[in-house]
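A.B. asks: Mind having a look at this structure? Questions to follow.
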Amino acid sequence: MKINVRGSTMVRPAEETPRVRLWNSSLDLVVPRFHTPSVYFFRRGEAAAAEGGSYFDGERMRRALAEALVPFYPMAGRLAHDEDGRVEIDCNGEGVLFVEADAPGATVDDFGDFAPTMDLKRLIPTVDYTDGISSFPILVLQVTHFKCGGVALGVGMQHHVADGFSGLHFINSWADLCRGVPIAVMPFIDRTLVRARDPPAPSHPHVEYQPAPAMLAPEPPQALTAKPAPPPTAVDIFKLSRSDLGRLRSQLPRGEGAPRYSTYAVLAAHVWRCASLARGLPAEQPTKLYCATDGRQRLQPSLPDGYFGNVIFTATPLAEAGRVTGSLADGAATIQSALDRMDSGYCRSALDYLELQPDLSALVRGAHTFRCPNLGLTSWVRLPIHDADFGWGRPVFMGPGGIAYEGLAFVLPSASGDGSLSVAISLQAEHMEKFRKMIFDF
């Protein structure tokens with residue numbers, strides 16, 4: 001796929017904004033340090049064609065973006081270090097990168113089921129990290145026009161500034177302004193609300209921040225002298241219909257007194273089971289599942305509407321593979337128990353635990369966290385991922401623009417609201433071949 005860049009602009013806030021250094025909470029610092037990639041796809045429908053004018057007009061989008069950056073001013077800043085070396089946000093108004101491009105030989109249909117492959121990654125501007133954390137924009141955007149008339153909006157958002165909920169709050173507010181609608185909820189920019197207690201008093205061991213289990217099998221002899229190349233990975237996406245999800249639930253105990261499991265717990269148990277079987281994990285192999293949970297409503301008192309930052313706490317069910325690959329009910333019970341534990345007391349304890357750690361960077365999750373035998377499964381089902389209507393209609397798809405690590409997966413809702421859920425996942429290529437056969441075998 002050939003992409004021609006029409007032009008790129010650094011868009012600054014439309015008005016003067018506060019010149020401050022924004023303190024980051026521990027939750028803002030235990031996230032991956034790169035830009036989180038996501039991509040929206042839009043089809044040019046009859047209504048947009050009849051309206052006339054320029055579809056996804058760059059000038060209109062830039063004006064709205066500049067307006068949005070006034071209340072969301074940290075987005076226009078740069079990362080910096082305070083005197084103790086802690087990462088903070090320098091709200092200096094230097095702006096966000098906005099790129100316009102064409103893919104004259106491609107159509108929206110060419111992306112098929114929108115699996116987060118390298119083709120999707122090319123729809124997002126590349127960030128150069130070589131000159132230090134203050135050298136690059138916190139937010140990079142690219143509007144790519146296809147020959148079919150459709151458009152992709154690629155988003156790269158530095159994770160220190162926002163989690164999924166806050167990131168979408170910004171994107172959807174920008175879209176509202178672009179179609180002439182005022183921002184519904186203004187951002188609340190004060191991260192001290194998720195500061196640890198004084199003095200910190202963690203009341204749980206917080207297994208979520210403990211090292212991930214390693215494979216029980218010993219390293220092969222050659223690994224002692226030379227580091228082997230990591231096995232090739234594959235990325236795919238699988239759509240489970242409402243009927244599929246119903247058939248999964250039918251495997252669980254029913255009737256009076258039967259335990260209740262969330263849809264996430266049921267689907268996560270199925271994905272964890274399939275991945276463990278595809279990986280050939282022995283029954284005694286410990287495996288950990290990382291489940292991102294939003295703390296906004298879990299913390300008491302709850303955070304203000306529009307709280308802008310990271311409020312992700314992680315539930316981490318841990319079990320031997322034999323339990324995970326057994327009945328669906330066993331896996332779902334393990335997951336639901338971990339999720340139910342995530343109340344305000346647990347979350348406050350997690351903040352205190354993080355405050356006592358000498359080096360938060362040691363807790364940042366990465367390839368070492370999610371790789372075999374472990375798994376990360378992040379749900380975007382409750383996020384408003386399809387609400388970005390810039391004035392030319394809602395997206396037909398929104399999802400990750402890439403999956404950085406083997407063993408990481410995302411659950412996505414359907415844009416049509418048909419009750420289906422899609423699982424985008426990265427696994428070792430040989431494991432993916434088996435996973436493809438298992439995911440619909442129930």
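Cβ from N, Cα, C; glycine included.
Per Swiss-Prot, the features are:
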ACT_SITE  His159  active site, proton acceptor
ACT_SITE  Asp389  active site, proton acceptor
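Burial and contacts for the listed features, if you can.
C.D. replies: Look at His159 (active site, proton acceptor): DSSP puts it in coil. For His159 (active site, proton acceptor), the same-chain residues that are 6 or more apart in sequence and have a Cβ closer than 8 Å to its Cβ are Val31, Pro32, Arg33, Phe34, His35, Thr36, Asn310.
Under DSSP, Asp389 (active site, proton acceptor) is assigned to coil, being neither helix nor strand in the three-state scheme.
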A.B. asks: Enumerate same-chain residues with a sequence separation of six or more from Asp389 (active site, proton acceptor) and a Cβ-Cβ distance below 8 A; give 'none' if the list is empty.
C.D. replies: Ala175, Asp176, Arg179
